[in-house]
């Protein structure tokens, strides 16, 4: 199994709105090899909010297929980083993707 983490640094106070965007999935569940998604808010941050999107996949290839899919492009077409040409300010200050091999998994 494989896990990808997309760690978002957000303007303070924007975590809940960002998390709510995930309530209506945009097709990730249709990608072969997708297994689970967790969207978390880091507690007790000072100057910014932090949201992590953790996705569990059958393999890294499955994740890469998601990144290269039309479904991914459609789901992310309205995501803005910092500010757009139209002057709209995005709550996303930065993001970083981390990749993990899952060596052990237990679920009750």
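Keep in mind that glycine also has a Cβ here, set from the backbone N, Cα and C atoms.
Per Swiss-Prot, the features are:
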BINDING   6  Fe cation binding site
BINDING   21, 22, 23, 24, 25, 26, 27, 28, 76  heme binding site
DOMAIN    2-93  domain 'ABM'
SITE      66  site 'Transition state stabilizer'
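Listed recorded positions: 23, 66; maximum Cβ neighbour count within 10 Å falls on 66. Separation of the C-alpha atoms of residue 66 (site 'Transition state stabilizer') and residue 21 (heme binding site): 18 Å, rounded to the nearest whole number. In the structure shown, across all protein chains, 21 is the one of the binding-site residues 21, 25, 76 with the greatest number of other Cβ atoms within 10 Å. On a Cα basis, the residue listed as 'Fe cation binding site' lies 16 Å away from residue 25 (heme binding site).
Considering only the residues assigned to heme binding, 21, 22, 23, 24, 25, 26, 27, 28, 76, the longest pairwise Cα distance works out to 15 Å.
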